[in-house]
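Asks: Here you go, one structure.
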Amino acid sequence: MKTYLTIALQAVEQAAKICQQVQAQLVEEDSLTKKDRSPVTVADFASQAIICKRLKEAFPEIDIVGEEDAQSLRQDENREVLNKIGQFLPDWSVDQILDSIDLGNGEPGALFWTLDPIDGTKGFLRKDQYAIALALLKDGQPVLGVLGCPNLPFNGQADRGTLMYAIKGEGAFTLPLGGGEAKQVHVSDNDPEDVVRFLESVEAGHANHSLQGRLMAHFGDRAKAVRFDSQVKYAVLARADADVYLRLPNSEKPDYREKIWDHAAGALIVQEAGGTVTDMFGKPLEFNHGKKLMANRGLVVTNGKLHQKIIELLNRG
Ligand SMILES: Nc1ncnc2c1ncn2[C@@H]1O[C@H](COP(=O)(O)OS(=O)(=O)O)[C@@H](OP(=O)(O)O)[C@H]1O
Ligand SMILES: [Mg+2]
């Protein structure tokens, strides 16, 4: 598993660097007001290309299930986007870029990678939180997870991003993006009688803020809520900076099912840090139903001590 980890960390680090460069150069005020999504598109594709190329060089036999594919980029009208990607991957040919992105067109099987090249696209555009999320799944369970969080300060140092990783059965660890010593992380020790720090999505459409607010109200003044984009929420909880992450289904999108790449890495990291991850009914996540968590609805992620209480509050009828 150590070889998988080394390559996965290198790949995510490399992708994070490119994402930072794209964010610094392309996400300008005018593109934001024009609602131009091209910066995030450029970074998304470049990130997937880099990670897929690295993984396939090292592990040619393992499929990669990535969020993106190059189909739209192959059309002439998107030539400009492709050229922009090329600016950030200067030694790559156009075909190399397209083919590397499409290495992520694999299918879930007994052993496969799943990749979200930029999770939290809205956060990326706001120059706020986003994550590069990579997980290895074996027999329907994440066994290795890496989260690159370029805008999440490491140890309070605003100029350093955060990397987190976990191997099943071996704990969860953090180190600064760009290198440094890895330190084990543990979830908080807070119980239902303490202050409870809740995490939820920034985007109202990705969760049910009103239901989550009602649940938090049960804890009165002891409830503190923070909104973060992306799987950064899992990283924050794993390092004990929060106690509960709620992701209840949005009532306007009752048929939405969570994507595996949005949760595999983060869920393993929280579990290995001592926390608990289930759906809103207390059922463990099942990663063996293709690209979506078809057997689960909503998510409840806690430090463990708060889990039963939250599930009870949600399901008391
Ligand atoms: N309806 C609905 N319900 C739940 N989740 C959804 C929904 N729609 C989208 N998505 C996925 O949410 C991913 C973004 O993560 P977050 O919601 O945690 O962050 S944020 O609210 O966007 O800030 C986002 O991932 P990215 O597309 O990689 O950013 C989506 O896969
Ligand atoms: Mg995502």
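Every residue, even glycine, has its Cβ placed from backbone N, Cα and C.
Note that the structure is a prediction, hence the values are computed from the model and not measured.
Below are the features I grabbed from TrEMBL:
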type    : residues                              : note
BINDING : GLU67, ASP116, ILE118, ASP119, ASP262 : Mg(2+) binding site
Asks: Taking the centroid of the Cβ atoms of GLU67, ASP116, ILE118, ASP119, ASP262 as the Mg(2+) site, which other residues of that chain lie with their Cβ within 8 Å of it, listed in sequence order?
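Replies: In sequence order, the nearby non-listed residues are LEU115, PRO117, GLY120, THR121, ALA131, ILE132, ALA133, SER230, GLN231, LYS259, TRP261.
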Asks: Using DSSP, would you call ASP262 (Mg(2+) binding site) helix, strand or coil?
Replies: helix
Asks: What is the Cβ neighbour count of ASP262 (Mg(2+) binding site) at a 10 Å cut-off, with all protein chains included?
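Replies: Total other Cβ atoms inside 10 Å, all chains included: 23.
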Asks: Taking each of the binding-site residues GLU67, ASP116, ASP119 in turn and counting other Cβ atoms within 10 Å of its Cβ, which one has the fewest?
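Replies: Counting other Cβ atoms within 10 Å of each of the binding-site residues GLU67, ASP116, ASP119, the minimum falls on GLU67.
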Asks: Specify the count of other C-beta atoms within 10 Å of the C-beta of ILE118 (Mg(2+) binding site).
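Replies: Counting Cβ neighbours of ILE118 (Mg(2+) binding site) within 10 Å gives 30.
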Asks: Enumerate in sequence order the binding-site residues ILE118, ASP119, ASP262 whose Cβ-atom distance to ligand 2 is under 6 angstroms.
Replies: ASP119, ASP262
